[in-house]
Amino acid sequence: MKYKLNNKWISTVGSIWIQCTSGSLYTFSIYSPTLKSTQNYDQSTLDTVSVFKDIGANCGVLSGILYTFAVPYNRHSRLASFGGPWLVHVAGAIQSFTGYFLIWAAVIGLIPRPPVVGMCLFMLLAAHAQSFFNTANVVTAVRNFPDYSGTAVGLMKGFLGLSGAILIQVYQTIFNNKPTSYLLMLALLPTINPFLLMWFVRTYDTNEQDEKKLLNAISLVSLLVGAYLMAIIILEHIVHLQLVVRVLILFVLLVLVASPLCIALRAQERGFPVIQQSLFSEGDKLLDEPQQLDAGTAAQDPACYHHFSTDADQEINANDTRNPEEEENLNLLQAMCTVNFWILFFAMACGMGSGLATVNNLGQIGESLGYLSFETNTLVSLWSIWNFLGRFGAGYVSDYFLHVRGCARPLFMVLTLATMSVGHAVIASGLPGAMYAGSILVGVCYGSQWSLMPTIASEIFGVRHMGTIFNGITIASPVGSYIFSVKVVGYIYDMEASGEGNSCTGTHCFMLSYLIMASATLLGSLAALCLFFQTKSFYNQVILRRLLHYMRE
């Protein structure tokens, strides 16, 4: 059988593989000691360079603007003939290579030692590339799977979360104890990989009837990759692995990462029926034909859509006089003039900011509570797994409940932020084992925000300018991180350690900080609750469109 490479499944596989090499920022701890020693930095200067890493990764508005320009929403536009996500990938690849190559050149002495401002600029470029790869892959996935955008975003964000652990396996197998060589690899691999795969990443208007089954299959693969990496991380902290074992481990990992291609090829073999127009492109027509609801009600599971009464549907259609093409496709400036945008921004500042503050201080918290370095290192390593589970799980579960029970997606933001608040409180307690339980809760819920927020933004503000809008909201992450890490955790830690030298030991070192973050995250949960009530009728309308769509088909 002759396989075609121009379909949404090949595009999805290409995006996943690009995501797998895009998380180099999560491996900063591998080369930061070498960067510090070769450039004669003190810890404060190194932290400054690290801050620019976070700024570059989370300020991706430019990538969103480029995507909107390169991938027009109107396929009849002149730009549609030669544009595409590949332009965004090219821009990211150039930045990634430039940033990491200059860092590597400075570390090995190929160029004169740059001033701190120069090194910060190099790191900013390297980190900013991630936002371009991420925007191109996430927005393309949402456009290709409008009916299951939560699952699609969860997959893209999930593999990005795992990419740090994947790159660390490559480093430990090939470049172990050679951080300078690893820096050169970061200049080449995340650049070459997108250049090879970006031609397959495109947007498609087709909607296949059984695409949920295939997305579930790819989701299963992602869970297997996550479970495999978790087992490896635990094993590495228990026994010393020989090179032969590491090579075998890396080989199996690469096979698992490559396996989504088999799913994409099998999709062509099975030849699923294709609906030429996607769900949301017909949304306006469907709302004009509500009588079709009665025609197919008997074929539906009443438990799935029991909350839709005929009177409620008529009320929604009667009261909603908006033109969906205009109202649901806002640009960034229009979105910023809405209350919903700032509610999301505030909720993300609380959730993402406190989550980043936690991962940045896990080692110090463990030290103050008397944990062994082995235990602390394991917690830090496993953070990427909890992060992945949250990213993937929140997207998948919210999709399920949105389709089956009609639950508005912001409800899951409410629940995850409230659970994160509990996780912060558990860490603050300082009880035996609290660090383990608390870090799992915070890690999973932190990851959840990274898939929930872009999906909610695309649903509330529309897909046309999704790249700029969700990247605009993402700026809340470094803002919240700065407030919680510097003004809360750092300030209180220094205050508690003032009478004990430069270090602090005991539960009092971080208790107040984490109680403050628990309160802030709970406040973010209440803000998300306001968003839930404000968008509840809108989500009912989305579910109604989907129900009418499937009955019509």
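Any Cβ shown, glycine's included, is placed from N, Cα and C.
Quick caveat, the model's predicted, so the values are computed rather than measured.
These features come from TrEMBL:
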- 8-264: domain 'Nodulin-like' (DOMAIN)
- 12-35: transmembrane segment (TRANSMEM)
- 55-74: transmembrane segment (TRANSMEM)
- 86-110: transmembrane segment (TRANSMEM)
- 116-136: transmembrane segment (TRANSMEM)
- 148-170: transmembrane segment (TRANSMEM)
- 182-202: transmembrane segment (TRANSMEM)
- 336-539: domain 'NFD4 C-terminal' (DOMAIN)
- 339-359: transmembrane segment (TRANSMEM)
- 379-398: transmembrane segment (TRANSMEM)
- 410-428: transmembrane segment (TRANSMEM)
- 434-457: transmembrane segment (TRANSMEM)
- 469-492: transmembrane segment (TRANSMEM)
- 512-533: transmembrane segment (TRANSMEM)
Top stretch among 116-136, 148-170, 339-359, 434-457, 512-533 for CB pairs under 8 A with the transmembrane segment (55-74)?
116-136
Six or more residues out from either end of the transmembrane segment (339-359), which same-chain residues have a Cβ under 8 Å from its Cβ atoms?
54, 380, 383, 413, 416-417, 420, 424, 427, 439, 442-443, 445-446, 449-450, 453, 456-457, 460-461, 469, 472-485, 488-489, 517, 520-521, 523-525, 527-528, 530-531, 534-535
May I ask you to check whether the transmembrane segment (512-533) and the transmembrane segment (148-170) make contact, with contact taken as at least three Cβ pairs under 8 Å and only pairs 6 or more apart in sequence counted?
no
For the transmembrane segment (12-35), which recorded stretch in the set 86-110, 182-202, 469-492 gives the largest number of Cβ pairs separated by under 8 Å?
182-202
What stretch in 86-110, 148-170, 410-428, 434-457, 469-492 has the biggest tally of Cβ pairs under 8 Å against the transmembrane segment (182-202)?
86-110
Hey, which of 86-110, 116-136, 379-398, 434-457, 469-492 has the most Cβ-Cβ pairs under 8 Å against the transmembrane segment (148-170)?
379-398
Near the transmembrane segment (86-110) in space but 6 or more residues beyond its ends, with Cβ under 8 Å, are 18, 24, 31, 34-35, 38-39, 63, 66-67, 70-71, 119, 122-133, 135-136, 180, 183-184, 186-188, 190-191, 194-195, 198-199, 201
Check the domain 'Nodulin-like' (8-264) for me and report the mean pLDDT.
88
